[in-house]
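Working notes for the structure below.
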Amino acid sequence: MTTNTAYGAVKRPEKSSSPWAIARRKFLRNKLAMISTVFLGIVILLSLLAPVLAPYLSPIPDITKVNIGKMSIPPNDEYLLGTDKSGRDVMTRLLYGGRISLLVGASATAIVVILGTIVGSVAGFFGGAVDSLLMRFTDFVLNFPFLVFVIVLNTILYGIVDGLWVLILVIGLLSWGGVARIVRSKVLSERENEYVLAAISIGTPPAKIIIKHLLPNVLSTIIVQATLLFASLIVAETGLSYLGFGVPEETPSWGNMLAFANEPDVLQGKPWMWMPPALAVTFTILSINFIGEGLKDALNPKSQR
Amino acid sequence: MTTKELTEQGNTQKERENLLEVKNLKTYYPIHGGFFKRVVGNVKAVDDISFTIKKGETMGLVGESGCGKSTTGRTILRLIKPTGGQIIFDGEDITRISGTKLRKARQDFQMVFQDPYASLNPMQMVGDIISEPIKNFERRDKKELVEYVKSLLVRVGLPEAAYYKYAHEFSGGQRQRIGIARALALNPKLIIADEPVSALDVSVQSQVLNLLKDLQEEFGLTYLFIAHDLSVVKHMSDTIGVMYLGNLVEVASNKDLYSEPLHPYTQALISAIPEPDPKLRKERIVLQGDVPSPANPPTGCPFHTRCPMAQEICSQEKPPLKEVRPGHHVACVLY
């Protein structure tokens, strides 16, 4: 007992600790990851509450209307972050922009993770011809010229699907190759464990082996990948919107706001137009990356104790 | 009735007392090479072996690491695809069945794995690990299933509370008990134990071995017991098969094999068992050289490269496994 306290007394929890519980405890102890989680939580909350908050923060809550009388006002008491070239309030657009950017990031990540996991785990578990076929297809998708595809799909789907969802679908359908490869390689090494052989020998059907045995054991990798992807897909949205192939122009997104500030005059003299979205993107991505790193540490069995 | 029919009838009667019959089983792993990944050779992990196990008995399989013991066990359970031969289990040929039929057949033969750490899914609760085989084949009332699994846990010497724990909270010996409980869950007829104690402490080994023996009596199990430890096999088995380089070189009853080993390889193995009595110092046969590669096995008798009694014929002809005394089979030109 005394030796226990000498080592800082790692209290044994009452209930049996599953591997997930151990990971959760480790994650909660990681300060940087926890600060990032809180920050990301606030960003998400502010974005969700944009329609509620906007009227309080700005006298012109309309995000799309051009307002000639109020162009390019620097930040002051009335306009907390100033207005842009079209006389729209930057604060309001920043809040609404967060909704779009996070929605695009999250939805595209979901598509990528689901597709990548299905393709990767099936290829890895069955191996042989199935593996070759699926992985060649993955290579094919990975080699699509991203920008060209985005432009073409945008043109084809314009008017049929809402502009925002075109972007989400295009990003999602073109980016799953990397996840598929990572999941496949993890499944390949994981299925060498005897518990997979044991599952076969007790008559567990293949689909159940993948879902109940392999996926829980590669889930840590998938989660980490998903967080990092989330960050990079927000950047993708921002970049595409900047180039004009992303979110329709009148819809505010962080990328669109940045795209608006492409004149030297704005860049040099009117930082309030582009600083807020730039900082928002930077800090959101940073926090997501820190969370991803934290999860990686927490879920890595080798870093236990 | 023709003589042919008579012998066929005789065969089916013989199969009834035999739970498992392995005939000329071969498992080759192809070696791919060259630009187009052509098959350039085979690793002959199991090369033409035959044996039978009677209901309720234990057959031990010994040999050095890499001699194909585990591959034999896994091939019999159809976890590895056999290259040739026949596996007849309880009168039914299971060599070529596949898909759902194979999955259904698996209820009757189970395996206890060598590595108690890798053979349990770290993300699963022990209760789920043991109830999974049952859930795969039948729908049972949840409460009843939990009770059943808990009774299994108690039967293998673990507390009921183990149901709610995870594998990482147990020691090697306890994990192996969990693995045994999983194998028992479906009330199988045959259990293949693939070096079930080689990863355990000596003190724990005997406990697990005795548990296996008790369970055999209680459930009427038949074992194929794979090990490299001769004293462990002696403790467990009724008959023993000695493997060398994918071949079965000698099969005999427990008593015969230890008192009168016939094959030079078996003699060398048995001479290596440490003798606790210092006065009874016996001649130790030390084999020269290494086991040849199973990808490029020697011609003739696989053992002739290391055999102290090798003759010229040994490198030319592979001696078949023949019964030289009642119940004592050996593959050697000397007999």
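Positions of Cβ are set from backbone N, Cα and C atoms, glycine also.
Taken straight from TrEMBL:
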{"type": "TRANSMEM", "residues": "A:32-54", "note": "transmembrane segment"}
{"type": "DOMAIN", "residues": "A:98-292", "note": "domain 'ABC transmembrane type-1'"}
{"type": "TRANSMEM", "residues": "A:100-128", "note": "transmembrane segment"}
{"type": "TRANSMEM", "residues": "A:140-158", "note": "transmembrane segment"}
{"type": "TRANSMEM", "residues": "A:164-183", "note": "transmembrane segment"}
{"type": "TRANSMEM", "residues": "A:214-236", "note": "transmembrane segment"}
{"type": "TRANSMEM", "residues": "A:272-292", "note": "transmembrane segment"}
Dominant neighbour of the transmembrane segment (A:100-128) in A:32-54, A:140-158, A:164-183, A:214-236, A:272-292, by Cβ pairs under 8 Å: A:164-183
Remote residues contacting the transmembrane segment (A:214-236) - C-beta distance under 8 A, at least 6 residues beyond either end: 23, 101-102, 104-106, 108-109, 112-113, 117, 121, 124-125, 171, 175, 178-179, 182-183, 186-187, 190-191, 196, 254, 281, 284-285, 288-289, 291-292, 295-296, 299-300
Spatial neighbours of the transmembrane segment (A:140-158) far in sequence, C-beta under 8 Å, 6+ residues away: 166-167, 169-171, 173-174, 176-178, 240, 243, 245
